[in-house]
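These features come from TrEMBL:
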- MET81, HIS82: substrate binding site (BINDING)
- 3-247: domain 'Carbohydrate kinase FGGY N-terminal' (DOMAIN)
- 257-442: domain 'Carbohydrate kinase FGGY C-terminal' (DOMAIN)
- ASP8: site 'Important for activity' (SITE)
Amino acid sequence: MKYVIGVDLGTSAVKILLVNQHGDVVLSVSKPYPIINEKTGYSEQNPKDWVEQTTTGLFELLKGFDGNIEAIEGISFSGQMHGLVLLDENNEVLRPAILWNDTRTTAECQRIYEVVGEKRLLDITKNPALEGFTLPKLLWVKDHEPQVFSKVITFVLPKDYLRYKITGKLQMEYSDAAGTLLMDVSKKEWSTEICELLGIEPSCCPPLVPSHSEVGKITAEFAEATGLSKSTRIFAGGADNACGAIGSGILEDGKTLCSIGTSGVVLSYEASDDKDFGGKVHYFNHGAPNSFYTMGVTLAAGYSLTWFKDTFARDESFDRLLADVGSVPVGSNGLLFTPYLVGERTPHADASIRASFIGIDSSHQRRDFVRAVLEGITFSLNESIHIFRENGKRIDTIVSIGGGALNDDWLQIQADIFDAKIIRLKSEQGPGMGAAMLAAYGCGWFDSLKDCANEFLKEDRQFQPNKSNVQKYKKLFSIYQDVYTQTKDMNKKLLDFRK
Ligand SMILES: Nc1ncnc2c1ncn2[C@@H]1O[C@H](COP(=O)(O)OP(=O)(O)O)[C@@H](O)[C@H]1O
Ligand SMILES: O=C(CO)[C@@H](O)[C@H](O)COP(=O)(O)O
């Protein structure tokens, strides 16, 4: 039997899967690392933590492996997107990585529009200037930390840095580079025009490669530290959402994914780069060759639930916390939650909006709050589905992955709010599975990622929308949509009082 490894460098943890030739997850391990929130809107991580936890995770995984180590043929990666890692002339990290959910860069986004122009930016990158993307972060460092910026020789994204520490070689691949706002998405090359207009040295941008390309072998040092064979082949990998799409079989037109991790994403496959969503949803290169995807993003999806648990039920498991939500009626007895804990992206690109519970009644119990959080996260994702449908997309079947797919009640809420059939896969591993599939395809096990998906991915269960719940949720969704406009200005005024 042959094996591959998929490494998913998520926001909350690195999740490592050992997958055999049939797509069975033989072993898995997850190693967490912290987020540093120094101020409101700031979100950083230490790249050293990613490398240490991946090394320890691989070591622990392989300790439990009783097969031939040489039979592990390849490794590939999935990574949280957009995070800025700055390297000096010796490829040493210059400062903590600034993450995708860091929203300190509103002024830099404005400057990008002023200098490049909104339409030109959309023409080149197919995306608007959003705080979470990499280019605004690069400009923030340039303005606020000139002494750091003066030492920058290269910038990379989180999983590219991890891969560099494994192979000693620096590259970035298209699906993640698309989220930097520095790449021409159609031409698949760095935009020297944007670089020059904004005073970024084009040489800071690393070489670009496709997701399934072989980019090197592991170093002797890394082989020693983990127990891997020095012959293990390393493949570039993809953005976590691209890998989530691959790992869920979103590889042809008409397929839609809902991924609820720290962030939440609704993603749709695009065969071409010529659709026009006017920047309302992100438009990125897929990890599958010569294809694309569009997606809307909720910044604090699983994060809202984690925040609630950490704040009000720290010692309980997610399963315990969610145990009673099925007994709470649709609409949580009149309690509504908006998940804007760290601002929002789709459909409101707004860094200063914050979350609300609306309609708290003295009769409400904790379970009402928990269900309201799940419903609020799902309403937010429904805003993206709404945009897709308004633009003529048919969305009747959605594959659900991530934390949000671990709970049956939540999957039914998704079916009822999205008014679509929800599919849960058997080995629900999302991005890590997509990374493993890139390694399997790269190793030549299959002629295409679609062939690999046919072998690896199996459906577990479907959740059908309940007509009566769908009607109730339609009314509630319209109230939910009002909360943003009604609380926007209040939140601006509250800004001065935040940490
Ligand atoms: N048993 C569970 N039921 C429902 N949601 C869960 C459960 N366990 C974790 N989650 C949610 O899933 C999220 C983590 O999902 P994951 O895909 O691992 O995130 P990431 O890739 O961002 O690290 C958490 O934020 C949490 O809210
Ligand atoms: O910013 C985005 C996508 O544009 C996020 O989806 C990140 O890629 C983080 O993903 P998770 O850790 O939530 O999976």
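In case you wondered, yes, glycine gets a Cβ from its N, Cα and C as well.
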Return the count of C-beta atoms lying within 10 angstroms of the C-beta of MET81 (substrate binding site), excluding that atom itself. 29
MET81 (substrate binding site) and ASP8 (site 'Important for activity'), distance between Cα atoms, whole Å: 11
I'd like to know which of the recorded positions ASP8, HIS82 has the most other Cβ atoms within 10 Å of its Cβ. ASP8
Between 0 and 100, where does the mean pLDDT of the domain 'Carbohydrate kinase FGGY C-terminal' (257-442) sit? 96
